[in-house]
C-alpha cells in the first residue's frame, strides 16, 4: 500500500529531494500510526478483543468471582442448545423481528408518502412530532410505559373504561399473552421516526422532473404512485427492511426496563437471556452465557451478510441504470 | 393498536384524491372556490395526522402532567392532563432523595468526555484512512466493516472482564473508556469519506508553506470537517446519553455511579408506588434531550438520514 503511494508520485531526478522525500515518507508513516493509535487501542480492546474472547470463554466454566477458568470443551454449547429457555428466547427474538419490521416499514412508508407531498399543510411539524420518540432514552421509555399501561391506574386502561370498551384492569405487560405484542407496539412507536426519515430521504432522490414528465403525459396521482414512486423506491425498500431487521435485534434496553423479560419469560429476548446468566444470576455462569452469546453473534452475522448482499445487489442495479 | 393505523387511513385521500373529488366539491361549495376544494383532501389528511400526533406525544404529556400532580390526583382524577395545582414536591423528591442530582451529574460527565474522545479518535482515524496509504490499511478496513453490526449483548462479558483486569470496573473512567471503544465505525467512515473528497492541492500548497503533518491536520483539515464533526458529536451525544447496557453493568455494585437511564430503573424498583416521583425523574432525564432535539432538529434528521444515503 505504502509503496504504491510513493510510486505514484512523479520521478524527480535530483538525489537530494529523493532522500528528503524518503525521510518525510518515514515520518509520515509514524504520524499515520500515531493518529490511528487511539482507535487501535480502544476499538481493539473493547470491540475486537471481546469478539475473540467470547469464543474462548464459551469453552470454559467460570463464575466470574474467581480468576480460575476450567476448560470444559463444547459442554456449554451442548447445555445451551439443550435449554428450552434458550430456544424460547431465540424464538421470541425472531417473532418480535417478524412482527415489528413489516409493521414499521409499511406504516412509515405511507406516512412518508404523505409528508413528502408539498400539498400537505404542517408537514414539518408532523415530521418533528413523529420523530420525537427516537431521540428519547429507551430505558426510560420502558419505565414510563410500565405506568402508562398499568392495569389499575394507567391512562390507557382509564381511557378504555371511559370509552366503554372494557371494564379496565387489562394487564397489558403483566399477562404473558399480551406482553410481547404490547412491547412490539411500543417498539414501533419508539423507532417509527427513524424509518420515516429513511423513507423521506429515499423519496427525495426521485427528481421532480420525472413526476412532471409523467403528469404531462396525463398520469394521475394513483398512477404516479404505482408506476413511478414504488418502482423507484424498491432498492431502498431492501436496505430499509434489512436495517430494520438489524435494529430489531437490539431491544435490550426497552425490554429489560419494560418487562424484565417476563412474565414467565414471555418477552425474554436473547440479549436478556445472556444478561440473566452473566450478571443477574446468584452464581453467574459466564462461560455458559458466552456460548449463548457466540450462537447469537453468529445469527447476527448471518443477518449482516444478507444485508451486505442486499446492498451489493442494489448498488449493482443502480449502476446498471 | 389505534395509533399506528392513523397514517394508513390518512393515505386514502392521497391515493385517489384530487382529480376524482374536484368537480363534485367545487359545485357544492360555491364560496370557497377551486383552490380550497382541491386542497380539501389534504386538509383532511392533516387533521387525521394531527390526531395521530397528539396520540404520539401523549406519553410525554402524561409524564409531565403526572410529575406535577400529587399522589391522590394521579390515581383519582382520571384523564385530565392539567394538574389542579403544580406539585413541585415531586421534583425535589426525585432530585434529592432519589439521587437524581448525582445521576444527572454522572450522565453529563460520562457523555461529554465520551463525545470528546470519540470525535477525536474517529476524526484522526478517518483522516488517515481517507487520505493516506499505509501498510495494513486493508486489514484495518476489513476489521472495521466486519464488526459494524456487533450488538452490545455479544461483547459485554469480555468488556467487563478486561475492565476488571485493568482495574477500571466500577468507575466512571471505566464506563467512559468502554463506551468510547465500542462501535463508532460509521463515524470513522463518515470522516474518511469527507477527507477523501478534499482536493490534494490544498495540502500541497500547505506543504510548500512549510506546514507539517500535524499542522495540516489540526489547522487545515479538522476545521474543514466541521459539518461532519457536528453530526458525529450529535449522534455520539445521543447514543451515550441514552446508553443503558454499559452503565448498567459498570454500576451494578456501585449505585452512586448510575447514570440517568440506569437510575430510573433502580428508582421504580425501590419505590413502586411513587408515580409522581417517577414521572418527575423521567422528565428530568428526557427534557434535555427533547429541548436539544427541537432546537437542532435539522441536524438530527440529517444525522439519521445519513445511514440510507450510501
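Cβ atoms are placed via backbone N, Cα and C, with glycine included.
Record note: among B:76-99, B:172-195, B:172-195 is the stretch given as transmembrane segment by TrEMBL. Listed ranges B:216-241, B:242-267; the one TrEMBL annotates as transmembrane segment is B:216-241. When Cβ-Cβ distances below 8 Å are used as the criterion, the transmembrane segment (B:103-127) is approached by residues 172, 175-177, 179-180, 184, 187-192, 194-195, 217, 221-222, 225, 228-229, 232-233, 236-237, 240-241, 247, 257-263, 284-285 of the same chain, each at least six residues removed from its ends. Beyond the ends of the transmembrane segment (B:275-296), by six or more residues, the same chain brings 60, 63-67, 69-71, 74-75, 87, 89-91, 93-95, 98, 100, 103-104, 234, 238, 241-242, 260-261, 263-264, 267-268 to within a C-beta distance below 8 angstroms of the stretch.
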